[in-house]
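Here the structure comes first, spelled out in structure tokens, and everything after it is commentary.
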């Protein structure tokens, strides 16, 4: 049987299961991976409800858990109140100030001074620690106390029965609860990984089966966390490192406290994180093999109790590396050859590296031995590397420089930490000349390496600036082209608006012609010619800006001034002064329209030299402009009905003005849709006297013959 507190923990588990299931249903499409992870979650609503109805969050069984428990607790409460009132009445009757009612061993009693013990007949349930107070159960309360004790036992039995029943429900659903717990544990682990990844700005590396380790911007995970917590003022310096089957060995040298150990620890931790399926604190492009072993010899495990020296502790771990390493292993050796005679240590270190090279094991080792630097510079498959050092500040830069061996710089580090100057000077004198020359050569190589690195960084920055500038110029050019297109579209929209107005005027003239055959055909032709020129202007996509050598721009205009409109290639007369938008009402032929003041010129005799014949380049917008002026028939086969009616309307107007009294409309047979539309339209035309389908020799039902007034 579980306790109430334990049972309530399962209810909290079901709360989390229900919340997780609701979240996955809502976000299934956005997070398919988490949805699969939580696919087996079962909130068990019935069990959740039973636990909630029976228990308080504290684990106490609620009165409502069963009718019997509610009845028993009501009886307990009622009996307590009666018993307390009776005892308080007895205590007040004694007239003793120090007397009060209390609970002793589950039974109600009166606390009285020991000197007044005889004043209360009853049973002594106990004494205070000092013996000055005695706890008495009056005879009048004995029976009620016994009844209360019985009720407490009844309550305990009922509570235990309810807890056993709830525990049985959990046992019944144990498999579903186990799945819920497993799914939520996985969710918790995923959340922990995501939070950690965000904190260290991690990324997923590429795991491969190839013998190639590529670290890009790798950082020591513990140092990253310390920086995030504010325990380090600066972020750890990123590490770039590469090992492959052709160059499996990297020997790192450089100053003490320069970051060599941190570098190899970073490589090992990043590799282990990746093999655990976790994101790593490294940049995109990091690639890590699936190592069968990651063997490390880092640090000092000297033990006086076990009689283990520094050198022996190194030997144990290096021996393990030699015995277990394979071509798919990663071996990390710190301070190789240290802890013993330098000559023997260097020889042993070289033999170890030769064995690892023979196995083509990927290895990063650190050392201070010059002999090992020389070995790495000559051995196939090996490379030297060093930790950068700032010569001006005498401080390490913690950057790995591949291709250049480093110096231990023990004297510079000692100088930085306050070593006596005379001691340092004497140490320099004691250095062998060859060591000093080699140090100078290494220093010169390091300086050149740093210079090349700086120039490479500067070149990269210059390329980035140029690329950024190129992007800005492209953006500016794009904006200019966009603005130009917008201006042209605005101008074309204005011309189309003008064309619509002119066409509207032409429609008015047509209406007059239908009712008055004596209307001026010249006025109609002027309006039509103007519309044609506007249409050609739109098709040619010319700009509103004035053409060169067209006369001086109009700065002010008065009513009656003659002007020239280059955009329309037409002369006109100003009918008003400019309004608040700078637009002037201009009469061009028989039509009037509003034009911008900037689009007008003083010269009313435009030059025609070099003007394009735009009408030859693009067709006008309206079909009626193409209709022969004195044609006796029109072919509208293939036209949409509305287009056909407009074309026939213009055709009949020209026929009337040309004196034609009988016209022929070819509309084709087909399904007769176009014929019927024309038939209904012709019925309403005042200029049409009569019309009929053509005879067989004239085209039959594919032709309509129209007689004009």
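Even glycines carry a Cβ here, placed using N, Cα and C.
Range annotated as region 'Disordered' by TrEMBL, chosen from 487-519, 520-552, 553-585, 586-618: 520-552. Taking the mean position of the Cβ atoms of 254, 255, 256, 257, 258, 259, 260, 261 as the ATP site, the remaining same-chain residues with a Cβ inside 8 Å of that point are 387, 396. Across the domain 'Smr' (634-709), mean pLDDT in this model comes to 83.
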